[in-house]
Amino acid sequence: MSADPPITPELVAAHGLKPDEYQRILTLIGREPSFTELGIFSAMWNEHCSYKSSRIHLRKLPTKAPWVIQGPGENAGVIDIGDGEACIFKMESHNHPSYIEPHQGAATGVGGILRDVFTMGARPVASLDLLRFGAPEHPLMRHLIAGVASGIGSYGNSFGVPTVGGSTKFDRRYNGNILVNAMAVGIARQDEIFYAKATGVGNPIVYLGSKTGRDGIHGATMASAAFEADAQEKRPTVQVGDPFAEKLLLEACLELMKTGAVIAIQDMGAAGLTSSAVEMGAKGNLGIELDLDAVPCREPGMSAYEMLLSESQERMLMVLAPEKAAEAEAVFRKWGLDFAIIGKTTDDLRFVIKHEGEIKADLPIKELGDEAPVYDRPSVLTPRPATIAADTIVPPISHGEALLRLIGSPDLASKLWITEQYDSLILGNTIQGPGGDAALIRLGDGPKGLALTADVTQRYCEADPYEGGKQAVTMAWRNLTAVGALPLAVTDNLNFGNPENPKIMGQFIGCLEGIGEACRALDFPIVSGNVSLYNASEGQDIPPTPAIGGVGLLEDASRGATLSIKRPGDAILLLGETQGWLGASLYLRDICGREDGAPPVVDLALEKRIGNFLRGLIANRALTAVHTLTDGGLAVGLAKMALAGGIGARIDIPGHCPAHAYLFGEDQARYLVTAAPEKAEAIRIEAEQLGIACQLIGRTGGPTLELGQEASVAIEDLRRAFEEWLPNHMTGIVIE
């Protein structure tokens, strides 16, 4: 057995600990830590696990509502969806691993978030993903796109959960640090939810699932640092996933949970056995004693340090009722999984690690989490840019050419090349999968349905973090509303650059202020989430990307709305005000070659009023199609409705703002809807009585999109532009 290395300043720095943090450790334990103890502190005090740069700001977010059963602090958030059922969901990042090893990084990102959900007793029913890649022409990007797509697809498909939605966009600032955020959703009975809080002294602590290897050691620490030029040397820190083992683990856990044997349960995710054991003990005000000789290992000669920090996948830690241990073992053996009693709960609030007859660590368990450094980092708030007057922008090309270019651009073009690798229909409950405003799934055999979405407009967040944060929430709220769902709750994934840069910290604070204000105004609490900082590569920070995942409920899923034009002759109505806002728009960036201007202002009261009105129309089956307007504005939104239905449309262009601003401006709180002609006037009158702008702007029908007198574009030309960009870009890629 090799001797532990001496503790030197270089070793401390290699563990991601700053000199003042190491001094804090010395003060806390009154001595020099052992090598194993240094590894434990490194794991528990890194950014990924401790939230040391973000914790003071996260406290400001709204997390409570009458329908919230469990907010942030557990494996996932839990909300009441009626009839004794709960929806359990969360989003997390696997950004750094997916850049280093895209297939395995993305696959284990899916596996990790699924475990967070079924750890709490829920059966996963859906997953989503938010992907951000660099410039498409970057030499690594095809490899990264192909690897991430195959990783998500292979894990989700093999495990047996449908991947039903998400968002994929591109920006050169992600060249060296792509984003892979995975969201999972599960359903459980409200009286059968399990938590990570250990109770009872002397209860056995049980290791369950796959064996421990050397993969993923210091994965959480790697995720808490910016990339430098040696990123590929970190491939050993990327975990390797086995979706079939995870499926067995799911079934074994759910079966065991019905026996009354489980007191507490925690999946082994970031920081592995260390984090799961410390969290269970600290939450229950108990100590934890582990004997690592009992840990099932797949590699010989593993040290205590390696076993504690391994992030091997498909593993769980449980506190069991002692009298149920034999029954629990039988369940796991039946499913072909490892089961080992590796420790016990104690009453001394110590985290004690034994290995090969020696005590390798003896630390105060509460302080490992509670005494982690908390930073109020310096920040510089982003000043709001100047508003761009639409009439100062001269269209460089015709409106028809602009529409074709936008609909075939990387951000707006079809992502079918990616999503066709996902099974969106497995389990048989998917009503609407990728491509709609929100995914829609049926809940069991009853009438209810869940609507799910995940997205963010990082352009807005960079231009004005406060307004961008508000818009990220309202976009999720609108996406859910557009399918007829009542928005209930949010999970977030806050992806930002280096928090030690005051500009980046200012972006973080600004976005959180906007997110918090919007969630409060819309009764849309945040119940779970993740913070991913240090998303930077060789000094280049990513744009602020606070991903918002939303969940909504339909009491009758058969009344849900979709965006496709259903028939010719329907009236087209525009709900909401159109001023022609071009600042920070895709038209300005992709057509005019400019990245400036203030993003659109979000009116939260108006958002709520229009959304509530629209849901009523959908519930009463007054509409035949609904689509929320975001990137690319009205023209792009109408084009997507036409493409989905295979039917064209003609609209009029009023003269109150320039035509290009009317067609491509990105004003918020707007929906494009279709209705039977005889219903249109009644809808317009009802809207105006509520103070909601509603204009009849056209009719559906024909093989073209007729944009007033400005442009006529064939649906087939739009389809070609929309569908061909990504397959053409990816031609010839072979995944090794």
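Each Cβ is built from the backbone N, Cα and C atoms, and glycine gets one as well.
Now, the feature entries from Swiss-Prot:
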| type | residues | note |
| --- | --- | --- |
| ACT_SITE | His48 | active site |
| BINDING | Tyr51, Lys90, Asp492, Gly529 | ATP binding site |
| BINDING | Glu92, Asn530 | Mg(2+) 1 binding site |
| BINDING | Ser93, His94, Asn95, His96, Arg115, Gln239, Glu311, Ser312, Gln313, Ser532 | substrate binding site |
| ACT_SITE | His94 | active site, proton acceptor |
| BINDING | Asp116, Asp267 | Mg(2+) 2 binding site |
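Compared over the recorded positions His94, Arg115, the count of CB atoms lying within 10 A of a residue's CB peaks at His94. Each residue in Leu58, Pro72, Met91, Glu92, Thr491, Asn493, Leu494, Ile526, Ser528, Asn530, Val531 lies on the same chain as Tyr51, Lys90, Asp492, Gly529 and has a C-beta within 8 Å of the C-beta centroid of that ATP site, without being one of the site residues. For the ATP site, whose annotated binding residues are Tyr51, Lys90, Asp492, Gly529, the maximal Cα to Cα separation is 17 Å. The sparsest Cβ neighbourhood within 10 Å, among the listed binding-site residues (Glu92, Asp116, Asp267, Asp492), is found at Glu92.
According to its DSSP assignment, Asn530 (Mg(2+) 1 binding site) is in a strand. There are 26 other Cβ atoms within 10 Å of the Cβ belonging to Asn95 (substrate binding site). Each residue contributes its Cα atom, and for Gly529 (ATP binding site) and Asp267 (Mg(2+) 2 binding site) these two points are 16 Å apart. Among the recorded positions His48, Asp267, Glu311, Gln313, no residue is found with its Cα located within 10 Å of the Cα of Lys90 (ATP binding site).
Take Ser93, His94, Asn95, His96, Arg115, Gln239, Glu311, Ser312, Gln313, Ser532, the residues named in the record as contacts for substrate: the widest Cα to Cα gap among them comes to 20 Å. When secondary structure is read from DSSP and collapsed to three states, the residue listed as 'active site, proton acceptor' falls in the coil class.
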